[in-house]
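Asker: Okay, these came from Swiss-Prot:
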LIPID     GLY2  N-myristoyl glycine
LIPID     CYS4  S-palmitoyl cysteine
LIPID     CYS5  S-palmitoyl cysteine
LIPID     CYS7  S-palmitoyl cysteine
REPEAT    38-74  repeat 'ARM 1'
REPEAT    75-115  repeat 'ARM 2'
REPEAT    117-156  repeat 'ARM 3'
REPEAT    158-197  repeat 'ARM 4'
REPEAT    199-238  repeat 'ARM 5'
REPEAT    242-281  repeat 'ARM 6'
REPEAT    283-322  repeat 'ARM 7'
REPEAT    324-364  repeat 'ARM 8'
REPEAT    408-447  repeat 'ARM 9'
Amino acid sequence: MGVCCSCFKRYEHDQSYPPLLAENEREAISSLLQYLENRSEVDFFTDGPLRALSTLVYSENIDLQRSAALAFAEVTEKDVRPVTRDVLEPILILLQSSDAEVQRAACAALGNLAVNDSNKVLIVNMGGLEPLIRQMMSPNIEVQCNAVGCITNLATQDQNKSKIATSGALIPLTKLAKSKDLRVQRNATGALLNMTHSLENRQELVNAGSVPILVQLLSSTDPDVQYYCTTALSNIAVDEGNRKKLASTEPKLISQLVQLMDSTSPRVQCQATLALRNLASDANYQLEIVRAGGLPNLVTLLNSTHQPLVLAAVACIRNISIHPLNEALIIDAGFLKPLVSLLDYNDNVEIQCHAVSTLRNLAASSERNRLALLESGAVEKCEKLVLNSPISVQSEISACFAILALADDLKMKLLDSNIIEVLLPLTSSENGEVCGNAAAALANLCSRIPDYTIILKNYEQISKFIAKFLNSQNPTFEHIALWTTLQLLESEDETIKAKLKKQINSGEISLNNLTTSTLNNHSDTSNIINNDGEEGEFNDGDDIINLTQQILEMIK
C-alpha cells in the first residue's frame, strides 16, 4: 500500500496542489491516510472507507483515480469476500478509464474479487464483461494479463459461462492465447478451457476459431499452457460433430497428443490420454492412434503408480480395443499382463471395469486372442474376483465370460477352470444383465462339448436355473433357458438327456407359461451377449415357439 500512501501524502504536503483539489477530495485523502495507518482494523468495503475511495474514483484528477484503483487492488488482494454492488460499482467505473495504470489496477481488483462465487455472478450481472473485453484488447500487456485473468475467474462460475460465450469474449481470448507474454497466454488458454464444459459453449468456441490455436499450442514448452489446451481439446472431443471436424481439419492432432503422453508433467500426460480416449470413440481415430505409435506409451501408463494416469490409460485402450483390426496389435504390444494386474484395483471400480471391458473386446473375434487371454491368467483372476465385486464389475466380467464361452476350442478349458462354480451363483443375481450373461455363458458351455462330466456334476443347479428362467416372463431369459435345454437334449450324454426329459414331462421344468411376444420392455437385459456374441435381445416370440416345438419333438 506504500504507493497509495506516498501518493496521498504528496497531496497533503505539496502546496502547489491544494487549489487543484476539491474540498471533498482533500477530506477523502485525509480520511484514507488515517484508515491506511490502521488498515488491520478497517473494513474498506463499508461506510467511511468506501465513501472516501469512491470520492477519488469520481474525481477528474487522474492521479486520484490511480490511487483509488491501486488501493482497491491491494485491499482486495488481502480481503476477498462477498461484496455488494456499492463496492463493485466504483471499480467498474475505474474500468472505463482510458489510463493504462487505472485499467491495470482496476482489472486486478476485479480479478481478486472474482475468486468468490457470489462476486463472480454479481460482476457479470452488473455489466462487467463489456469493459473487461475492451481491456483485453488493450495494447498494454499488464492490462491484458489482468483483464484475461479476471475473465478466467468469472468463467469458472456455471451461471456466467453461457453469458461469456455469447459476449464476444471468445475471439479476443483466442487471439491472446497466441500472446508472446506467457502470463497472458496462460490466462487466455485457462479461460478458453473454462468455456468447454457445455455443448453450447463448446460450439461457440469452435465457431470463434479457437480449435486450431489450441492444437497449435500443444507444442508449447509451458506445461500449464499444454495442460489447458489438452484438457480443452479433450472436452471438445466429447461431441461427435467436433470429432468429425477435428478429423478433417487437424491432421497432426493425434501425433501431438501421443507425444504428450510422454510428457514430464503427469497432469499433461493424463489429459492427453483422456483426449485420445474421447477421440477414440470413433473408429477412424481408434486406428490412427495405433498407427501414430500410441500403444507403447499406453502400456507404460498402465504400469504407472499414479492412479489418474492408470485410469486415463485403461479408458483409452478400452476404446481403441473396440476396433477388430487393433486386437492382435494390442496383445502383441504386451497389454495382457498389465490389464490382468489392473483387476486387483479393488479401490477403483472404474479401472476394473475398463480393464475387463478391454479384455472382453480383445476376445471378440479371434481364437488366438481368446487363447492368449486364457493363458494370461485373466479368466482365473476374474473367477476369483467376480462374486465379491460390485454389480458394474460383475456385469463386465459376466459379459466377458459369455464371449469366451462362444469359442468351441476353449469350452473344455473353461469348464476345467471351474468357471461353472461362479456362473451358477451369478444366474441368481438381481441384476438382469449379470444373470443373463452368466446364463448365456452356461448355455454356450453346454453346447457341442466332447465331455459332459462337469455339466452332469452340476446338473441339479443348472436345471434350477433353466426352470427359473422359463418362469421369468422375460423373453430373453426364456430364450436362453430353451436354448440351453435344447443343447443338453442334443448332447450325447444319455444321463443328462434322461434327467431333462423326466423333469419336463413331470412339469418340474415347465414349458407351459412362456411368452410368445417381446412387447414387454426389459431394459436391464438389453446388453446380454446373444448367441452371435453381440449385445442385444436374443430373439422374438417366434423363436421361443420354434425352440419349444423342437424340445417337445425331442422328448416324445
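Numbers run from 1 along the shown chain.
Any Cβ shown, glycine's included, is placed from N, Cα and C.
Each of these features: where is it, how hidden is it, and who are its neighbours?
Answerer: Nonlocal intrachain contacts for the repeat 'ARM 1' (38-74), taken as residues 6+ away from its ends with a CB within less than 8 angstroms of a stretch CB, comprise 1, 3-4, 7-8, 20-22, 24-25, 27-29, 31-32, 81, 83-84, 86-87, 90-91, 93-94, 97, 99, 101-102, 104-106, 108-109, 112.
Confidence across the repeat 'ARM 2' (75-115), taken as the mean pLDDT and rounded to a whole number, stands at 96.
Sequence-remote contacts of a segment are chain residues at least 6 beyond its ends whose Cβ falls under 8 Å from one of its Cβ atoms, and for the repeat 'ARM 6' (242-281) they are 202, 206, 211-212, 215, 218-219, 223, 226-227, 230-231, 233-234, 236, 288-289, 292-294, 297-298, 301, 306, 308-309, 312-313, 315-316, 318-320, 322.
For the repeat 'ARM 9' (408-447), the residues of the chain that approach it from at least six positions outside its boundaries are 367, 370-371, 374, 379-380, 383, 386-387, 391, 394-395, 398-399, 401-402, 454-455, 458, 461-462, 465, 468-469, 474, 476-477, 480-481, 483-484, 487-488, 491, 522, 524-525, 527-531, judged by C-beta separation under 8 angstroms.
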Asker: Cβ under 8 Å, sequence separation of at least 6 from the ends of the repeat 'ARM 5' (199-238): give me the contacting residues as numbers and ranges.
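Answerer: Here the qualifying positions are 161-162, 165-166, 170-171, 173-174, 177-178, 182, 185-186, 189-190, 192-193, 245-246, 249-250, 252-253, 256-257, 260, 263-265, 267-268, 271-272, 274-275, 277-279, 281.
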Asker: Per DSSP, what is the residue tally for the repeat 'ARM 5' (199-238) in helix, strand and coil?
Answerer: 33 helix, 0 strand, 7 coil
